[in-house]
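Here the structure is laid out as C-alpha cells; the discussion comes afterwards.
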Amino acid sequence: MVMGGEASMELDQCFQKMKMEGISIKEWKDIPVELLMRILSLVDDRNVIVASGVCTGWRDAISFGLTRLRLSWCNNNMNSLVLSLVPKFVKLQTLNLRQDKPQLEDNAVEAIANHCHELQELDLSKSLKITDRSLYALAHGCPDLTKLNLSGCTSFSDTAIAYLTRFCRKLKVLNLCGCVKAVTDNALEAIGNNCNQMQSLNLGWCENISDDGVMSLAYGCPDLRTLDLCGCVLITDESVVALADWCVHLRSLGLYYCRNITDRAMYSLAQSGVKNKPGSWKSVKKGKYDEEGLRSLNISQCTALTPSAVQAVCDSFPALHTCSGRHSLVMSGCLNLTTVHCACILQAHRAHNAVPHPAH
C-alpha cells in the first residue's frame, strides 16, 4: 500500500525515536505497540485481522488499540467472522457490517453487544435476518451508540425500536430507511421522548407513519438537522408546520412523493426562515457555514405545490439552488414549478441586463 507523505513522516519519526532510545528489532514480535498501530493504520482491515493472529503480543496490542473496523468487504460467512473477532476487539468504537446479501444473524449482534461496550457507530444495513433480539442486546450492551444504520432491516418491530431508544439516549444519527414494519408513530414517539440529541433521521419509505409521529419528533428533537420523509405518503402539511416551528436548525428535508403536501407547508418553511434569521440562523462556528437554515429540499412529485409558494421558500433560504451543478432544491416531476429560480439565476439575469450591449 502506498503511504501518504504525512503517514510516512510519522513512521520516520517512530523509527528515529526507537533509534535514539536504542531499541532494536530482532523479530516481528519485538515491534513496539505504537509503531505497530501506526503501520496497521495504513493497511486495510483484512490485513489487520491477519496481523492479529501473528503472535499473542500483536493480538493483545491490536485488541486494545483497534477502534475502527470495516467488514463490508466480506461476501461470505460474515456472521462467523464477527463471532470470532469481536471477543478480541473489545475497544471498537466504529464497526461497519454493511452487506450486499443477508449474512448477519442475531447471535453475531449479541456477541457485539456482549463485548464491544464502547461502540459508538454501528452499520447493520441490509441485515434482513436480525430480529428484535438484536436491538434488545444493543440496548443493554452498547448504551453509548451515537450513530446507527438499520436501513433495509425488515424483521424487527416498533416495540424493539422503542426499547432501544430508552437505553441508547445518545443517538444522533439513525437510519431506518425501508424499515416499514418497525417505523410507526409509536416508534417515532419513543425517539422524540428519549433521543433529544437526534440530528439526522432517515425515515424514507416508512409508509405507515402519520403526522402524529412526525409531530412527536419535532417536539422532542429540536436539534434535528436532516430528516428524510421520502415516500411517507400519509403525512400532510401538519408535519412540515411542526418541523418549521420546532426544528430551527433543520438543514435538509426530503419530501419526495409526499403528495398531501400543499402550499401551506411551503409558506410555513418560508416564514420560519424569515423569523429565525436575526439570531438562531447564525452559525456558532463562524466560517464553517455562512448561515444555517435549509440547504437541501426535495419536493419531487409533490404535485399540489404552486410556484409562488416554492419561490417563497427559495427566497427565504439562499442556500437552496436550482441552478445547474448546484441543485439542492429538487423538484422532479413538478412541471408547474419550472419558473421557480434561486438567487443565483436572478443575480445572473440582472448582471446580464446591466451590461451595455452594442447597438446594431
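Positions of Cβ are set from backbone N, Cα and C atoms, glycine also.
Pulled from Swiss-Prot:
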BINDING   Ser127, Leu128, Asn149, Leu150, Ser151, Gly152, Asn175, Leu176, Cys177, Gly178, Asn202  (indol-3-yl)acetate binding site
DOMAIN    25-71  domain 'F-box'
Neighbourhood of Asn202 ((indol-3-yl)acetate binding site) by C-beta distance under 8 A, where only residues 6 or more apart in the same chain count:
Ser151, Leu174, Asn175, Leu176, Cys177, Thr226, Asp228
Starting from each candidate's C-beta and looking 10 angstroms out, tell me which of the binding-site residues Ser127, Asn149, Ser151, Asn175 has the most other C-beta atoms.
Ser127
Note down the number of other Cβ atoms within 10 Å of the Cβ of Cys177 ((indol-3-yl)acetate binding site), including every protein chain shown.
21
Looking only at Ser127, Leu128, Asn149, Leu150, Ser151, Gly152, Asn175, Leu176, Cys177, Gly178, Asn202, the residues listed as binding (indol-3-yl)acetate, what is the longest Cα to Cα distance in Å?
18
Would you mind splitting the domain 'F-box' (25-71) into helix, strand and coil residue counts from DSSP?
28 helix, 3 strand, 16 coil
Check the DSSP secondary structure of Asn175 ((indol-3-yl)acetate binding site), expressed as helix, strand or coil.
strand
Using DSSP reduced to three states, classify Ser151 ((indol-3-yl)acetate binding site) as helix, strand or coil.
coil
Do you know the mean pLDDT across the domain 'F-box' (25-71)?
79
How would DSSP class Asn202 ((indol-3-yl)acetate binding site) in three states?
strand
